[in-house]
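K.L.:
Pasting in a structure now, in structure tokens, and then I'll have a few things to ask.
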């Protein structure tokens, strides 16, 4: 655990402790990482306190399994495993008393804990606190309880909801009907499912107090009135919003566009009027949008035209994807238009010609300005051109930052070959005509020495199905990684970006890619020392070489990312851990596990067999709105899995292998992590399927590292 601590000053009068604590954390740049080692004796203490610390350390449990940061809606939640003593300054005691601290029996969500050992009071937090009724250390946020209290008061006049608020039940709101929590033992609301509950009234009050909520379903009730204009402030982290089959009226608020994490919006069958706000174009993550059966009018924003026409069934809506164009139909207006058309045509053409001439002259200048803006970071490091690039392989010639900048054209956008949560990848063309891939990492929040140490570890990792890290460069605040270049791009490109001159991958190549990817992941989990979690497996990070051998990229980079960014955006943004690949348990625990990698690989295997994308199934019925895993689950339950197989693969004597791989994939994406196989088992199963192709040689046998008696010591590289 890497912690840099310093003495906190006294809390200024009138300052909110939560905000002050968060600010202090940021100012001190506290570094947190996953803990798999003994916690005792790792906290720096002053000499005069060593005896006291030794006495106190006996009261600590042996280990903390995981410590990560979760910041959701401005709230820090603390969850510790088997820790019984907490030290904190007096002015923070009231703050910590409001946070849920879990015992060993509680599932861990997220945790941070500065242990200050001078000028402090001791607060004993026994693990029994989680079993003590109404303990402020075990029971969750008061704001979430207030949220549900106000929701019930505002929309449940008939007392349909059996939510009871009293001294005996306030600590168990996660057991309320329709309430899902981030963790069953914490009062942090994840989602409200209140559809078809017989609720009446307006838009519910108090939702801003459920500050970590990501999903709200109020469908099929008797709710009316306007959707609040400040909805983005009430639902800051909302990803799914369902207000369908109610009587909401008025216009759709423009502020809905500020709910930037929205993936699904269902407003059908209400009494909404006015136009669809053009600002909704900012909702780039939308995969579902439905406003059918309202009283909306005007043109549909072009950004929403990708959704089915049936989702816009309003009498006065027009434009794509509907068949009716937004043209003037009034006879009076038509006469004016016809009468003026002849006289205005010449003038219009002249104006258009002049405007085009001016725009064409200005375009190069604007393009140059845009390129300069996008390339600002590269300009900022030009003064460090002499910095050496640290290389791990002697076969690669010695280079300096200046060589990388020349090879990438100063990292211009024309050389971008991939982007993701961990950073942007550039193609570098060397003087001899060969290529390298250069990744510019996002802000890693690591010191130079820590980063160098991580690079030394990752640079020594070599296996045939991993993209080798060849070197790295530290230039001011920038971190650049040098990789071997993969000319055939990613698996995603081959499966989902086919063109007329690009044939679909044949089954033998798909099976080869599946086996190789499983081999690489199994090696990271079971044979690598130290063992490594990937945490971002998707078809985009599986690269293909000239022989169609798969190479896993971005392994080990999870550890380099800011924990706040990685964990929160994995679930909400869908950027770090692409949407459709994240295991369902991650949304509850925010803890990465080997079985999470297994789930992600299972989705990739489904892509290979079906040819479908994880979040959009083109072969499913039109009314199907789920993910690829949802579709496969439906087909499996109805014993028609064969309907999911890519049509280009059927009837070529591969049917048995296809179904075998489908069954392996289904076992990988089971909802319960315990029921999923390990990556080693997955590799062995797939290897048996492809035995006749001789993809795997005898030297591909994985050497299993001895199993530790402590599972928490198993993976120490990835967060």
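Each residue, glycine too, has its Cβ placed from N, Cα and C.
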K.L.:
Of the residue ranges 92-117, 118-143, which one carries the transmembrane segment annotation in TrEMBL?
P.N.:
92-117
K.L.:
Looking at 261-285, 286-310, 311-335, 336-360, I want to know which stretch TrEMBL calls transmembrane segment.
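P.N.:
My reading of TrEMBL: the transmembrane segment range is 336-360.
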K.L.:
Using TrEMBL as the reference, determine which range in 39-59, 60-80, 144-164 is annotated transmembrane segment.
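P.N.:
Residues 60-80 are the ones TrEMBL records as transmembrane segment.
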